[in-house]
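So that you can see what the record holds, here are the features copied from TrEMBL:
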ACT_SITE  8  active site
DOMAIN    70-152  domain 'GHMP kinase N-terminal'
BINDING   98, 99, 100, 101, 102, 103, 104, 105, 106, 107, 108  ATP binding site
ACT_SITE  144  active site
DOMAIN    213-287  domain 'GHMP kinase C-terminal'
Ligand code: C5P
């Protein structure tokens with residue numbers, strides 16, 4: 001059983017006040033892009049995880065844990081518990097999504113493992129686990145996991161796990177600049193809180209951007225470029241200052257929008273067309289501000305059995 005699952009970029013990430021449980025209420029507009037991991041699940045004796053880089057990708061697979069703490073392994077155990085079966089599965093994860101890159105690679109692998117194990121162990125005729133059940137299990141594993149199951153473009157509220165699909169038109173073309181070394185998501189949120197406190201900022205309740213929704217619904221890439229917003233970006237730039245240059249270089253080279261993806265350090269650049277994305281990717285590769293430069297388009301479907 002092999003599942004293909006996309007990376008995401010956040011078109012809007014508005015971070016509200018910190019909650020009692022340590023999470024932040026968000027408006028998180030997720031957009032799934034055509035950069036995919038694949039997870040293959042096969043019957044085995046216990047939960048085993050192996051990770052490899054997809055051919056041609058420069059993903060730092062050595063940074064992914066292969067023990068029980070791997071989010072895909074936890075997903076497999078969660079499905080087994082729900083179905084009352086032994087968690088006896090070997091998971092082979094083939095990665096193209098950057099590790100700890102702000103593109104929800106770990107969450108994507110967990111979503112893929114949920115779907116693969118459900119298909120492996122659930123009854124084909126009368127499945128116990130519905131799509132909604134998988135979304136719920138996903139939310140137990142991480143805030144971004146449900147979106148990796150859903151795909152497309154969606155507004156995430158709460159921790160980001162309460163999803164509503166967004167109306168979009170056409171295809172958007174992206175260029176991603178990856179960086180050496182990941183950023184820890186909790187550290188970036190903590191830095192965001194610290195910066196806000198240091199500046200005495202009053203944290204507003206996050207609202208969905210109307211400009212963004214209109215840009216998506218009309219397929220207007222220039223308007224989308226102007227509406228991109230990430231509240232975590234100042235924190236990511238504070239923790240990794242070279243990203244500032246990556247962003248300005250991409251804009252100087254003609255991107256119609258640029259932002260840090262999620263908690264970073266991957267930077268996302270929007271292009272006007274497929275040709276423009278190819279030109280922008282070539283130009284960005286030439287100036288050496290990124291570990292690697294990858295093109296992708298969105299939106300694409302969520303975790304899918306192939
Ligand atoms: O849900 P997930 O495990 O992916 O979240 C990782 C970390 O990101 C959390 O431990 C928390 O520090 C931070 N986070 C947050 N508010 C959110 C989502 C994540 O503070 N809405």
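Quick reminder: no glycine exception, Cβ is built from N, Cα and C everywhere.
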Helix, strand and coil totals (DSSP H, G, I; E, B; other) for the domain 'GHMP kinase C-terminal' (213-287): 45 helix, 11 strand, 19 coil
Alpha-carbon spacing, residue 104 (ATP binding site) to residue 144 (active site), which is rounded to whole Å: 7
Whole-number Å value for how far residue 144 (active site) lies from residue 106 (ATP binding site) (Cα to Cα): 9
Nearest-integer angstrom distance between the alpha carbons (Cα) of residue 8 (active site) and residue 102 (ATP binding site): 8
DSSP helix/strand/coil residue counts for the domain 'GHMP kinase N-terminal' (70-152): 47 helix, 8 strand, 28 coil
Rounded Cα-Cα span from residue 144 (active site) to residue 98 (ATP binding site), Å: 15
Extra residues within 8 Å (Cβ to Cβ centroid of 98, 99, 100, 101, 102, 103, 104, 105, 106, 107, 108), ATP: 7, 97, 182, 262
Cβ neighbour count (within 10 Å, all chains shown) around residue 8 (active site): 32
